[in-house]
Structure formats: C-alpha cells, structure tokens
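J.: To start, I am sharing the structure in question, which I have written as structure tokens.
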C-alpha cells in the first residue's frame, strides 16, 4: 500500500505532471511569446534535463507516496526524442494507474501509434481556434489547423482517449467558442474551455480578457442545451456538462472565477528536476541534485514528503480575494512546467 501524504490543507498528493522539455515549436502568446522566447533564447542543455531513468526512478518514489496519475507535459513533449520509450518505462512502474500527455498536436500524427503501443492512455490537445488565420496568429508560427486535426484523427484511430483544451481570451478568440463546440460535439471528443490565466510573467494577462465559464455555458446552452454533470473524482478541475439527450460532454476550467485550490492534488516536476507545488509557484525544490548525488530512494522519498507536507499554497483563491502584492509576485513560466 502506498503511503498517504497530506499538505497543510489536508490535500493528498495524487497527481504528478512531468515536463520532459522546456522547448516548443509554437510561440503562443499566453505561454511562450516570440518576443521573449526568440532565436537567442537559451533553453536547457541536454545535460541538465532529467534522463528517462531519473524520471522513472522519481515516478517510482512518487507512487510510493500515493501518486497514481502521471501527465507528460513540456514545453511540447513530442520534441523530446524517443518519448515512447519513456512512456514504456513509466508504464512498468507499480502503482501507475493512468498516463496522459498534453500536446499542441502538431507532431501527434507521427507518434500517436507508438505512444499508444508504449502504454499511453490519454492525450489532451491544446487548440484555440479552427480558423486558420487566427490559429496561425495564436501559435505565433503560422501552423495550420489541419496539422493538429490530423494528429487528433490519428490518435483516435490508434485508440487513445482524447480531450481538447481551448484557452478563451475575450477579443482574441471568443468568437470561436460556438464553432469549436459544434465541431467537437460532432467529432465525439470532449472539449474543455479554460479561462485565460495569469500564469508566468510574460503573457500580458488582463482580467478584462477573461471570459467567465458561466458566460461560455450560457452561450452554448442557448444553441445546444446543456445538463450539469457530477464530478468523476475528488480534485477534478473541470466542471462537466453534457449535451441534452446525449452522453457527449464539455468541460469548464474556471481557475480565475471559481478557484479549485482547496482540492488540488497536483505536483509538477520540471524538465531539469525541480518540484513545484503550484502552477503559479515562484520557485521549486531541486530533486535532480539529490538523485545525481547518490541519495537513496528513501532519502528522496522523505525529501518529497517534507516538501508536500509544508505546502500551503492557494494562489487562485488569493487572487479572488485580491490579496495585496499578489500581482507583483514572480511566477514560473507555464512553458517550464507544462500548465
């Protein structure tokens, strides 16, 4: 039986998000804007990235503390060479119940079959518009929508479970809410709408660009009636709705207007081995050094336990309460820890 570890607010450690690279082939403005992450930007050298063996070892230690769900992130995780091999290694870890991956989808058609065969269960594809011109502007590199839709089709054919994430920004892509809902309802994939968040320090976040989830629900409900659905499990971040008369669902991730800090069970491991206890964290705890310095599994396990047991973060709740000085706090970039 895995040990149970709780933070200062009695939140268990259940989910581990593992970033495998800080690189991405997109330059989305809310994550990795091109004016900051330009040609001269210095990404992590290979020597500083956790190896697959180190990631697998840490995964084993995390599962001994109660983690059952693993999500592979980036950057863009498919830019890490031989990623299916890592999936295979994690799949063999006792206690791992579910392996998912978040991707921009542009490289998915090349790798979906190998990922499925290696043991990947699910994939979440980030897609913010079906309009080619707008999508090219949003991804900052002129990628076309078809490259992502092709990846989704190949992944579905391979047998991967698929969800789509759409970050909604008022005045940027809010006109795409209904077209996205119609399209993915027809395709049979769950579409999740995410409120534009103040992650990192470089995405130019403004509160007036947030489209509240309740507004999105109202907009869709007027055309395609929705019925609220119960959560699947403790700590589920998305509020779920199904289309009336069907089992097809949408989800709403309302991290700005309806903070879910009180049930957050996620830890985040960056590509170079720092452990972050919140998406909005200012700093992380280094696990790479103890791994490479010869610490035993038990020593690293107790280090992780201590980090989680002193966890007291609730950034989104503090944002809602307008905590003084919150907007001046430095935060890790989302591209570094995978959202």
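Glycine is no exception: its Cβ is also placed from the backbone N, Cα and C atoms.
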J.: Which of these, 14, 17, 214, 218, does Swiss-Prot list as part of the GTP site with 71, 102, 163, 266, 267, 268?
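T.: For GTP, Swiss-Prot names 71, 102, 163, 266, 267, 268; of 14, 17, 214, 218, the listed one is 17.
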J.: Using a 10 Å cut-off between Cα atoms, which of these binding-site residues sit near residue 163 (GTP binding site): 28, 31, 75, 126, 261?
T.: 126
J.: State the count of C-beta atoms found within 10 angstroms of the C-beta of residue 264 ([4Fe-4S] cluster 2 binding site), not counting that atom itself.
T.: 24
J.: Out of 17, 28, 31, 126, 197, which of these binding-site residues is nearest residue 264 ([4Fe-4S] cluster 2 binding site) by C-alpha distance?
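T.: If we rank 17, 28, 31, 126, 197 by Cα distance to residue 264 ([4Fe-4S] cluster 2 binding site), first place goes to 17.
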J.: Using C-alpha atoms only, work out the spacing between residue 197 (S-adenosyl-L-methionine binding site) and residue 71 (GTP binding site) and round it to an integer in Å.
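T.: With distance taken Cα to Cα, residue 71 (GTP binding site) is 20 Å from residue 197 (S-adenosyl-L-methionine binding site).
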J.: Taking the Cα of residue 267 (GTP binding site) as the centre, which of the binding-site residues listed as 24, 28, 30, 31, 126, 278 lie within 10 Å of it?
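T.: So the list is 278.
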